[in-house]
Ligand SMILES: NC(=O)CC[C@H](N)C(=O)O
């Protein structure tokens, strides 16, 4: 039996109202409407905690055709997904394909969204919608099924506190003891460390890690406005006064900028795709990177001992920072990829090399 088509609306705060067809959960949800131009990677993107509170528009015209994999565990974390649930508030696509075919597909995208009570709307001209978001900047919006819901700006919430784990967890065994401050970490960051001779101590966003015995500090990605993470910034400031290597990704990069005394600002519509070009400062070397962020460090506000490490070649914004003399660096993009290109995964090796060097100087 074919299912009856259920109509839903995508309503934006500027008054735009677009009618489409429901897939996933038939429910209403509000959030910040953002777009991604990535052509693949919806299992990874939807489970990336950085997307919490956001209604995600995918510009690629057909979505769902490779289904969603089943869950498998690796070291007690997901082997496939970027966290243990879907984090987006809603999904907007042009053509949704319930029919799917892939060697590891276990269910359809619509059934997966239903499991987590997340609404999807299809039949939307997502490229027209993206042009609007590029002109106006990101807008608040809502997917409305039967009951209306108020608009809600997720950037006013402490989303990191909502997605960060409650307790400390240990993973792996290896030469280097790394503290990972989990502001909403993607599991591929954990996988990247565990493939590299590391004992990982994963702590909540507001945990005072400075008293722990560790060799290097890592700050994860995460949702929302980095200025909400006052506790992490406070602890990070203590770590910046020391010499142990520090590496931050995305939100982690923004937190390092803020802890160093710099400022962050909201980009007009953010960077979300798997093909963002960045240039390594001081070279002509370009890397193609995976990105998902709406805020950035304002390079002009960085104190003299810090500088821009990577620059976005589309809009010139800061894609990472580094300290002039200490082993502290960050990337605004995602070197762990998942999905996206793996070209910058070597940065995990650079960080661990800095950790090994730091330990060697300590022994002397
Ligand atoms: N992926 C991330 O860590 C995103 C960081 C931050 N929430 C932003 O949107 O800029």
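Note that Cβ sites are derived from N, Cα and C of the backbone, with glycine treated the same way.
Whatever TrEMBL says is automated annotation, not expert-curated.
TrEMBL annotations:
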type	residues	note
ACT_SITE	250	active site, nucleophile
ACT_SITE	334	active site
ACT_SITE	336	active site
BINDING	50, 222, 224, 251, 254, 292, 294, 295	L-glutamine binding site
DOMAIN	6-144	domain 'Carbamoyl-phosphate synthase small subunit N-terminal'
REGION	1-175	region 'CPSase'
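With 50, 222, 224, 251, 254, 292, 294, 295 listed as the residues that bind L-glutamine, the site has a largest C-alpha separation of 13 Å. Taking 50, 334, 336 as the candidate recorded positions, the subset whose CB lies under 6 angstroms from any atom of ligand 1 consists of 50. Within 10 Å of its Cβ, the residue among the binding-site residues 222, 224, 294 with the fewest other Cβ atoms is 294. Residue pair residue 251 (L-glutamine binding site) / residue 334 (active site) shows a Cα separation of 10 Å. Per-residue confidence over the domain 'Carbamoyl-phosphate synthase small subunit N-terminal' (6-144) averages out at a pLDDT of 97. Checked against residue 222 (L-glutamine binding site), the active-site residues 250, 334, 336 differ in C-alpha distance, with 250 being the nearest. Taking each Cβ in turn and tallying the other Cβ atoms within 10 Å, the top scorer among the recorded positions 250, 251 is 251. Of all the active-site residues in the record (250, 334, 336), the one with the smallest CA separation from residue 224 (L-glutamine binding site) is 250.
Long-range Cβ contacts of residue 295 (L-glutamine binding site) within its own chain (separation 6+, distance under 8 Å): 225, 226, 254, 264, 265, 266, 267. The active-site residues recorded for this entry are 250, 334, 336, and the Cα of 250 lies nearest to that of residue 294 (L-glutamine binding site).
Across the domain 'Carbamoyl-phosphate synthase small subunit N-terminal' (6-144), DSSP assigns 27 helix, 53 strand, 59 coil.
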